[in-house]
Every structure is written in C-alpha cells, then in structure tokens.
Amino acid sequence: MGEDSLVPRARSRLPVVCTGGLGLLTLLFAWLLDSDKFIERTGMIAFCITVERFIHSMCLFAEEWLFHSKQRYHGRINEIFQACFRGHVILGMCAIFLMLKLQWSFSEEQWSTMALMCAVYLLLKCLGVLGPCPVEISEICEMKKMNVAHGLAWSFYIGYLKFVLPDLQNKVSQYSSTRGKLSSPRLHILLPLNAKVPSKPEEDDTNVVFHENLPELERDTAGVRKRSYKNSVYKITQNNEAFSCVLEYATPLLTLYQMSHESSAGFGERERKQQVLLFYRTLSQILESSLECRSRYRLHTGDPHYLSREIIQHLKQQDGEIHMDPIQEPPNEVHPVPEEGPIGNINGALCANFPEDPVSSNPTLMFSQPQSLRSEPVETTDHFNQPNARRWD
C-alpha cells in the first residue's frame, strides 16, 4: 500500500500490547513501593472489579429478561444469560465464593473501601464515562462485520456481481463478434470517494461517451421472471486515442450518499467517506476470494474528473505484456540410449504411436511490466488542469 493510500487498514494489536506492558510495569512499581501488602491489595482490587462487573451484568440481565425475553431470545433464559454474563465474570464470582467459603475475611475498613470502589464504578458506568470510545466502537464493528459498508458490499456481490461477472466474458465475446473488439474484457466499477454517483459518466468527464449496451442477461430473481441485467460499453478518447470498455458506477454508493442527507440515518459526511473506503476494501476482498469473479473486474476510486485518464492508463498497462521467445533446445542434445529387450521394444512402439507434443516441447513465458493493475485509491487535487473536466457543484 502506497504512502498516499486512503483505504483504512485492519487495526493491529498494538493497543493491547501497550496496555499489557504498562500494566505489568505499574504492578512492578506498586510492588516496589509496598511489597508487604501487595498481595492483599491486589486481592481487594480484583474482588472489587469482579463484583462491579457482576452487578452491572445483573442489571443487563434484568432488562433483557423483563422486556426482551420473547422478542429477542424466544424465552430462552440460557441465551439471555450468555448475552449478559461473560465467562471471566462467572469464574471470578466462583473464586470469590470459594475464598469466602475458606474464611478469607476482610476488615471493616477494607469492606468500606471496596464498597466505595464498587459504588464509584457503577455510577461512572451509568453516566457513560467508562463506555467504549469511538475507536473501540469502530474496531468492534469492523471485526464483527457490522458496518453499513459490509452489508452493502455483500449485497452488491450476492445480488449482482456474483452472476454478472462470470457471464461477462460470453457477453463481450458476442459483442466483439459483431461490433468489434473491446479494449478490455473486464467490468470497470467506479467508486467515487464522495459517493456522489451521477446518472451518466459524461457528467464527470466529457472524454467518456456512451456507445451501446451489451446483450442482456435474464434470470428469475426474487419472484421477478426474466429480470434483465445489462452492462454498457463506453468510448474513451484521449490525445487522439480511442478505447472502449464496459464500465459503471457501484450503485450501493447511492445509498451511502442519500443516507448522509437523511437526519434520521445519523450518517454524516465524515462517516460516509469512511464507509466508502470500507466498501472498497470489503468488496475487493470478496471478489478476490471468488474464483469466478477474480480478474474479471477493476475498481476505480480516483478523482472522477480524471476518469478517462485512469482507465486508459490501466488499459495500456493491461496490454503491456512482453512475450518471450520459445526456449530453444541446446545443440548438443544427448539422446537416451535405447533399451534392449522387451522393455525397449515397448518404449519404441509407444514413441512411434504417440509422438511428443510440439506445444509442450516449446514452453513460453508471459509476464507483465512491474506495474500494479489494481492500485489503492489515491486522492488527487489537480483536476482543475484537466481541459475537458467539470468541477463538482
């Protein structure tokens, strides 16, 4: 990933490592200050934390059991219990009961201190002071695949790309046999970072002009008989060069854009851009893991005013393959000595009836220039220099 890449990476374990390291250093510092009462105070704090979490879990259990038992859990108490109580809290309470059973006692001052700590924790928890920060919420949503972008990417793949991309090669072949060969057999999917999807690509770049549609794909979907799916071919011109390819915008971005303009959605401009980048990352991972869709698409996330330049650059890279000459056999080839006897006769007969395949005897190598065909999105700000480009409103 380049330095200017905008796609967010998956978060690492650095906060966990740092927190654990600082916690161990703090424990060591506390032990050095007062090693005589270190174990006793550690036990008190562990006791308080366990009781605090248990009381909070009991409050959650009361809410779920009284008001959401039937709707969310179908009346199953065990599911409510698993949703409210974490395993370490249950183990901690078992350890506390075992300690009390073994007559591990505390003084009145210690009980008072622990009660005060529990009260402060519950009040801070009630006020939301100890709640997760936005970064933690974002990490949880990404790990659990709970973002809007995840759902939109999977919907776009399952409901459209999963059956359109495998059939695209046949449609391109039908088109090429009658209309002429396309510059690229791939489907070029446009993902503007601002999620603003125009009805026509010509509105962003006048160098991109609609040509015609590919043959339609019909299939029965969700009760609709012979629902049609079609892709459009566009002509792209630059510096007296003309190219043609299949391209379209990612329609789920319309949902993100419209959600950001609905107050009830709670979706701002900053969240919209983050969701677009997560949509790009999720869709890339989905398509790359699909054997039927891999290498049949190309995602474009650059400045829409430079749409023609980016696509043409990709088309030229795609055609920039170097064909190496066949590897020639050395002149002093050593032929094996024919075997004598029955085995030699059998081998001779096999060689006479099944000669060596000339295709397999001349291996060839094909490799591309050291340039990436699938680059990460990069923000550009020099679109004012494009002669045929239009600015956003």
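Note that Cβ sites are derived from N, Cα and C of the backbone, with glycine treated the same way.
Annotated features in TrEMBL:
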TRANSMEM  12-32  transmembrane segment
DOMAIN    40-145  domain 'STING transmembrane'
DOMAIN    147-318  domain 'STING ligand-binding'
REGION    354-393  region 'Disordered'
COMPBIAS  359-374  compositional bias 'Polar residues'
COMPBIAS  383-393  compositional bias 'Polar residues'
Long-range neighbours of the transmembrane segment (12-32), counting only residues six or more past its ends (CB under 8 A): 38, 41-42
Three-state composition of the domain 'STING transmembrane' (40-145), taking helix and strand from DSSP: 85 helix, 0 strand, 21 coil
